[in-house]
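Asks: Below is the structure I would like to discuss, written out as structure tokens.
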Amino acid sequence: LLSGRETVSSSNMENNVSLKFHQQLLLISENLVTEDVAALKFLCMDLLQLSKLEGVKSAADIFKLLMAQEYLNAEDTFLLAELLYRIKCHSLLEKLGYTKEKVQERLHEKGRISPYRQMLYELSENITSEMLKEIIFLLQNHLPKRWITPSVLDLLTLLEKQGLLTKDNVQILEYICKTVSPDLLEITDCYKKAKVLCCNIFLSPDVPTAAKLLKEFRVLPPFCPKMHKRRCVFLSSEQEGTPMDGVFLFQPKVGLKYMVLEISAFFFSFLQTISSYKMDGPHTGFCLIINNVNFNSSQRKGSCKDAEQLERVFTWLGLDVRTYTDLTSEAIINLMQTWQHLQDHKDRNCFICCILSHGKSGAIYGTDDKLVSIRMLMTHFTAKHCPQLAAKPKLFFIQACQGNNIQRPVYVDTDGPTPDSSPVQERVSLLESIPEEADFLLGMATVEGCVSFRHIEEGTWYIQALCSKLQLLVPRGEDILSILTQVNEDVAKRVSPSGTKKQMPQPAYTLRRKFIFPIPMAPPPS
């Protein structure tokens with residue numbers, strides 16, 4: 001009888017675990033949009049039959065296929081965690097009991113997505129819609145005549161079906177990259193070097209020989225990643241246990257095959273770095289802060305707290321910060337013209353401008369209560385008008401209202417001008433506020449047509465969240481768009497004292513690559 005009870009209890013536990021697991025999968029599936037599902041399908045092409053993947057309509061369909069092939073079950077969810085990590089849905093990892101860092105630590109031993117598939121996906125993430133049009137034109141003889149304009153992943157899949165693209169032959173990708181955007185060749189070159197390196201290390205008779213190969217190919221940077229600190233040592237000569245010209249080698253006792261796994265895992269975390277804007281120049285860049293506090297009819301109390309915090313954080317990030325207070329509309333334009341012609345930009349990696357003021361849709365106010373177009377300000381730094389910053393990232397952060405005023409609760413102020421009876425102005429789309437040229441990012445404190453909030457003592461919700469997340473996430477190597485997503489989440493959780501006012505920031509960008517700040521040596525300022 002006891003044995004029977006134990007059997008029933010065990011069966012109930014299994015059912016509960018299975019139910020919880022399927023609930024987790026359903027919840028994750030519901031939080032993945034069409035683009036995410038397409039990315040998952042592509043990343044699973046080496047694991048699942050293409051004929052079955054073509055019938056997929058949702059993420060749940062992919063999960064069923066993975067479970068049928070025993071890649072995914074309640075006891076082992078790592079493959080799904082890896083997939084979510086690859087498509088940068090990091091917030092969903094917690095539903096599986098993972099974090100981004102935990103996934104990174106286990107990729108070397110449990111990762112299933114091949115380097116080839118990762119390379120293709122990374123390439124797709126760096127191809128813009130304009131580049132795609134050029135690629136389709138180049139490959140028109142290989143494409144079905146009545147084919148609807150594909151996505152990059154659709155195009156890559158077709159090339160694979162036609163046998164024009166394989167893990168051993170990426171010549172067509174090299175041709176595309178060389179013609180459309182030579183910068184993309186870094187991704188394919190990096191893949192080819194790692195492939196040759198791993199093959200040669202497998203064939204090498206001993207660790208010193210493998211060390212020579214590492215030195216020859218120079219595909220690994222001169223530092224040891226945090227996740228591998230326990231497994232690697234610095235070598236700078238060919239003797240075991242000493243450094244070898246800045247190339248690192250793993251401890252011999254773990255074996256050459258394990259070394260290859262580690263190299264492969266590290267290599268593709270390094271891939272994110274080579275597909276980022278170069279930030280290795282002698283100077284990080286200039287950061288302008290325009291802090292408008294005193295207006296003809298109002299005062300933006302708390303704004304100085306924002307300006308001080310921005311100055312501390314961007315100085316910590318290595319930028320040369322210049323702060324300007326209480327500028328009229330004309331003075332703002334003159335300032336942009338001055339910085340537009342600065343020759344020192346040529347030795348800088350980027351340019352950042354933060355504007356703290358009142359505003360309306362698509363514009364900010366000078367202290368003379370006259371509007372200045374945000375687009376016009378940013379256009380001063382296009383490649384045509386500021387060639388020293390050509391192909392370099394230009395980031396603008398605007399703390400200002402973008403719509404009509406609302407009733408202000410106690411201790412919360414709005415970043416709009418004093419209410420008046422003037423008619424509602426025409427709204428300007430956020431995308432219309434940034435230049436069409438590449439390499440710009442515009443971070444707005446609020447969405448189009450809405451107010452943004454400022455605590456009269458603690459500063460604005462947006463700037464305080466931005467500074468907080470920069471200090472938290474830059475040391476982790478996060479790119480700026482990932483950081484701004486966290487800023488959105490932080491601000492969205494805030495509420496005015498009355499409990500009725502909310503705010504949602506909004507970024508717009510034409511960045512071609514990831515923008516990742518170099519990790520400062522000093523601890524965060526606060």
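Glycine is no exception: its Cβ is also placed from the backbone N, Cα and C atoms.
So TrEMBL has the following annotated:
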type	residues	note
DOMAIN	20-98	domain 'DED'
DOMAIN	115-190	domain 'DED'
DOMAIN	283-405	domain 'Caspase family p20'
DOMAIN	430-517	domain 'Caspase family p10'
Asks: Work out, from DSSP, the number of helix, strand and coil residues along the domain 'Caspase family p20' (283-405).
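Replies: The composition, in the requested order, is 40 helix, 41 strand, 42 coil.
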Asks: I'd like to know the mean pLDDT over the domain 'DED' (20-98).
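Replies: The average pLDDT of the model in the domain 'DED' (20-98) works out to 92.
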Asks: Report the DSSP secondary-structure composition of the domain 'DED' (115-190) as helix, strand and coil residue counts.
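Replies: Grouping H, G, I as helix and E, B as strand yields 53 helix, 2 strand, 21 coil.
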Asks: Let's see if you can do this one: DSSP helix, strand and coil counts over the domain 'DED' (20-98), in that order.
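Replies: So the counts come to 51 helix, 0 strand, 28 coil.
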